[in-house]
Amino acid sequence: MPSLEQLLNFDRLHVWHPYAAMPNLLPVFPVESAQGVYIQLMDGRSLIDGISSWWTCIHGYNHPHLNQAAHAQIDRMSHIMFGGLTHQPAVDLAMKLVAMTPAELQQVFFCDSGSVAVEVAMKMAVQYWYNRGLPQKQRFLTIRNGYHGDTFAAMSACDPVNGMHHLFGNILTQQYFADAPQIAFDDDWQQRDLDSFAALLAAHHDRIAAAIFEPVVQNAGGMRFYHPEYVRQAKALCEEYNVLLILDEIATGFGRTGKMFACEYAAVCPDIMCVGKALSGGFMSLAATLTTREISETFAAGEAGVFMHGPTFMANPLACAVSLANLALLESYDWQSTIRSIETQLKAELEPCRSLAAVKDVRVLGAIGVVELHDPVNMQAIQPRFVEEGVWLRPFGRLIYTMPPYIIQRSELTAITSAIYKIVDRI
Ligand SMILES: *Cc1c(COP(=O)(O)O)cnc(C)c1O
């Protein structure tokens, strides 16, 4: 057994971490195990997880229901190819997703990660218009401050500044970027918020296959909560201009915002919807792209006769079985009131941060609490401070935020909000 020091040393020199340099200059903390909302570090310390392993682990770690579903599935088969074969976990999960999502979404494409779900959605939109005899509709309209993943098509729809699009020059498709919505979630709606989106649509709809954005909450692109009316009117405009609407619910889906899906705030059903992240309860990677019969039924008659996508690990049975157990768990308790109490507590306990000198804004929606600072945080300095306080958070840019597991107890959430106050106070 290598020592902890050897492990960290090899890690630092040879193992890439997300958005890291090589050798890695930022601290990483070795994890021994995780249970409920607690992350057990190898040095013996225990941390309360305030961000659910990037918003995935909604029911906490090592959950007996999910473990049991995984064990049962492993004993049958952990994987089988999906070309020419099918299985109960995929069909059951598809049935569940069709039932949970807005009614028109009837067809499910399973894939491995959120970014791929977005790739699939974008390809589906382009191929749909090809099927319909409009092959010039190949571009996308999106809104600034969005985040849709790190693969090329997904990245082309991310915020061009945050995503450093200039690094990738010509290989990144140029999309149309509307101004980010400015009217906050619960402010009074003002029509001009949609002007930029509407103008781009009017000018370029002939070439636009779909609009793509995150409904109501922009997540990794700035943790911004905007007015549901934007989503509703954007959908109406898309219909008027013969442009599809792709809603990326990868971060917002499965209850996080207080609705099962954020599009429900606007009572909008997209033409294509992407889900991922919390789908498997953080157990393993699985995502899906859902669409309507109207779109899916054009493929058989198109030139290819099929939709041109099919990942090797498509509908992995283990991931499907665990996801099914996770969604059954979500439906087994009153998650709406769970999210409402997290929201009430976050509002009460984060509000005092507003008076701190470093703080620009405090906002809460559902189980998402955000403290926005005037200046970017120093990650190298701030991450270890949170660890010293016994909580796991991962601030980025000017944002310190929490998206805790839904199972978090009041006292544990207070530990997170107190740590945020204490550390922001010292900035
Ligand atoms: C995380 C995220 C993605 C990308 O998902 P990965 O699983 O990291 O590929 C796409 N869209 C949104 C809104 C996300 O939050």
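Heads up, the Cβ atoms here are built off N, Cα and C, so glycines get one too.
Per TrEMBL, the candidate among Arg385, Arg394, Arg398 that belongs to the substrate site alongside Trp54, Tyr147, Lys277, Gly310 is Arg394. TrEMBL annotates Gly114, Ser115, Pro311, Thr312 as pyridoxal 5'-phosphate-binding residues; of Asp248, Asp361, Asp375, the candidate listed for that same site is Asp248. Checking the binding-site residues Trp54, Gly310, Pro311, Thr312, Arg394 for a CB within less than 6 Å of any atom of ligand 1 leaves no residue at all. Between the listed binding-site residues, namely Gly114, Gly310, Pro311, the fewest other CB atoms within 10 angstroms of a CB are found at Gly310. On a Cα basis, Tyr147 (substrate binding site) lies 22 Å away from Pro311 (pyridoxal 5'-phosphate binding site). Listed in sequence order, Val118, Ala121, Gly146, His148, Ile212, Phe213, Glu214, Pro215, Cys274 are the same-chain residues six or more apart from Asp248 (pyridoxal 5'-phosphate binding site) with CB atoms under 8 A from its CB. Sorting the binding-site residues Ser115, Thr312 by the number of other Cβ atoms within 10 Å puts Ser115 first. The Cβ of Trp54 (substrate binding site) has Lys277, Arg394 as same-chain neighbours under 8 Å, each 6 or more residues away in sequence. Of all residue pairs in the pyridoxal 5'-phosphate-binding list (Gly114, Ser115, Asp248, Pro311, Thr312), the one with the greatest Cα separation is 23 Å apart.
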